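**Q** Look at TrEMBL and you will find 34-62, 83-107, 119-142, 163-181, 193-211, 232-262, 294-316, 353-371, 383-403, 431-456, 468-489 tagged as transmembrane segment.
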Amino acid sequence: MHFGLNSDEFIYLGAYIYERNSVTDKISIHYKPLVGLVLFDVFVASSLIAVVYLGCKCYFCLKKQVEYPRTFSSPSYSKLQCQLFIALIIQTIIPVFLVHLPAAISLTGILFEWELSNFNGIIVISIAFFPILDPLPTLFIIKSYREALFDRFDLTVLIIQRICTSLAFLIHFPLTLLILYNSPTSLGAYKYLLIYISIFELVYAVLDVLVSPELYTYKSSFMLVLDSNKTFLPFWMLYPINLLFCGMLGCSMAIFTINIIYRYLVMKGGKSSKIQIRPGILSELIKSFESEKLFCWIAAPIVYSAIWMIITGLTLQGNPQTDKILEEQFLRKQNVSLSEIVYTGPNYYPQKGVIGGIPIFGMTILTLMIAEDGSVRWHNLNFLLAGVAILGLQYLIIIYCGVRMHTILQKELSQQSVVNRKLQKQFFRALVVQTVVPTFLFVLPIAPFLIGPLVVPFIGIQMNFPTGWMYVILCLYPPIDTVAFMLIVSEYKKVTLEMFKPVLPKRIKVISEVSTSTAAAITK
């Protein structure tokens, strides 16, 4: 009944270890399931002991092969055996931590009457990750497989890009319908802001698949490149689209900033609070979202994006030195000429490196980016300062409103109805997740490649890293961000699950009742 199921709708496996008499507090042990669990533990423990023992034997054998390669085998064979051994170790550790350890905690908790009902969801998630993560060590550690993968990495990225774009369309289309026709009546103008997010993420996905941007890093330079050979769009459109990609970095967080401001105003609802805003002003701000002034709020992220595009165009334009780096290090390998591409990006230092800095409190502070001739590269400095200011202001607003909303949820919403409190909490969580996702998949992946070249001369590490993985992460942003929202808000989640019910797998749950059973897998 707890899950809304009848007894004839599921099957289960589990163990009923013992029961405690509520009157006499006497414990009755069920020996049959207890013996089964003991045998299960013995089998698992014996397997782990064999793995540890044979692993140690393999280690010492490999150590001898590495130390005396001519005596035992060729160096290439020894190297392959080492790679296979390392991959096997990791493939053994993964199920231990994702399957056996969570299950052991659950079983131990049952015996000692620990309350672990919330832990069972973690077990289901960790078991689901096991088949995904376990093949990766073999793929990336064994050299022949790794080289074959990277040789075809462009094709891999292209496939992932097409899949993510298709998912974005498949997800955003039903999401838009859900927002329009299945939103709670109390949602108000917020549904238009949600549709705004969907449109933004769809535009991002479409641009991504149309022009297939590439990212390159070399020493103190970072370049966002569009190749005219990879798109049917005319060449004159590529540079504006390149700037638009940069502008969308600022626009993404601005959209969520507007959303969180609106949610904060609605949750505050004109009630008394420590913050000193007159009820009249607060009421007017809320009404501005419910009237034609909503277009002003919607226009704000677009203005942010335009400002970011202008700053990028003025400060990160190409120059002869970056042209030379791009042509020699990347384009020749791809048989592409400089006239076939457009790019933007900083090249912080000249080829011979920075020749000066400002010592403050015994530390060298990077501020002026002095070129070979002693001139200050103000355009790069202006880009950094403007970018930090734009994103910093947005994150300050998000953090402040988020903290205030959390306080309201904890204290001031207690007087409202249960349904309204539940809805407000769901939208708050969804908004937090939708802010965190672009932060980790959009902002943070790019930040090291923009800031890293700045500190290259001082840390001694060259930024000649492959950036294909970062491009894959950027492709994942639209579908993940949308799915998170659809599964958090109950009204949308219910309709979504009903919509995809024919293609979804059977529901699997793990239940743990204190002092009555172990983990049981229930399949509807």
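Cβ atoms here come from the backbone N, Cα and C positions, even for glycine.
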**Q** I need to check the long-range neighbours of the transmembrane segment (232-262): which residues 6 or more away from its ends have a CB within less than 8 Å of a CB in the stretch?
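**A** Answer is 189-190, 193-194, 196-197, 200, 203-204, 207, 210-211, 213, 224, 226, 289, 297-298, 300-302, 304-309, 312-313, 316, 342-344, 387, 390-391, 394-395, 397-398, 401-402, 405, 431, 434-435, 438-439, 442-443, 446.
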**Q** So which residues does the transmembrane segment (383-403) touch in its own chain, when a touch means Cβ under 8 Å and the partner is 6 or more beyond its ends?
**A** 250, 253-254, 256-257, 260-261, 263-264, 304, 307-308, 311-312, 315-316, 346, 432, 435, 443, 450-451, 454
**Q** What stretch in 34-62, 119-142, 294-316 has the biggest tally of Cβ pairs under 8 Å against the transmembrane segment (193-211)?
**A** 294-316
